[in-house]
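**Q** Pasting a structure below so you can have a look.
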Amino acid sequence: MSQNYPLLDKYGLTRIPLRFYALLLLLLRPYLLWILVLTMPEGGDKLLAAVYPKSNDFLTACLICAPVLLLVAALSQRKEQGHRRWFNVWRQSRWIMLVVVATDLMHSLTHLPNYVMLKAPWLLISPLLLLLSFWWLLKNPVIKQVVTEWP
């Protein structure tokens, strides 16, 4: 089993689960959409308006997930020659992600349109994934161990 999936990385630390990276992508979806819109030659504003009908919703979503950008920076420094100061951010990353997931979940649920069940049930995918992510962050013992380690 350890040959197929080693439990430690090359620095001797517990491997970060792939679900953690998937959760980062889920939380950073406003920024990923923003990058996608900026790289489109034309019609990017229509895509942004389709996902976020009000520009205020897009800005709010970007502000909600802004602390996750700090976690990405701390994750990039999780190596031998990384800056030691990022460990303070990394050590709190589980709690930061829990707060961001809870805030994003509340924002997503309160800004669902009235017709969501009849005309757009796919809009419920994001709150459902956020709810599962919140539960996973609370219950997963590997994440608790990963955030305490630093090379």
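Every residue, even glycine, has its Cβ placed from backbone N, Cα and C.
The transmembrane segment annotation in TrEMBL covers 20-38, 58-75, 95-114, 120-138.
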**Q** Taking 3+ C-beta pairs under 8 angstroms (sequence gap of 6 or more) as contact, is the transmembrane segment (120-138) in contact with the transmembrane segment (58-75)?
**A** no
**Q** By a Cβ-Cβ criterion of under 8 Å, what residues six or more beyond either terminus of the transmembrane segment (20-38) are in contact with it?
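**A** For the transmembrane segment (20-38), the list is 44-45, 47-48, 51-52, 58, 61-62, 65, 68-69, 71-72, 75, 97, 100-101, 104, 126, 129-130, 133, 136-137, 143, 146.
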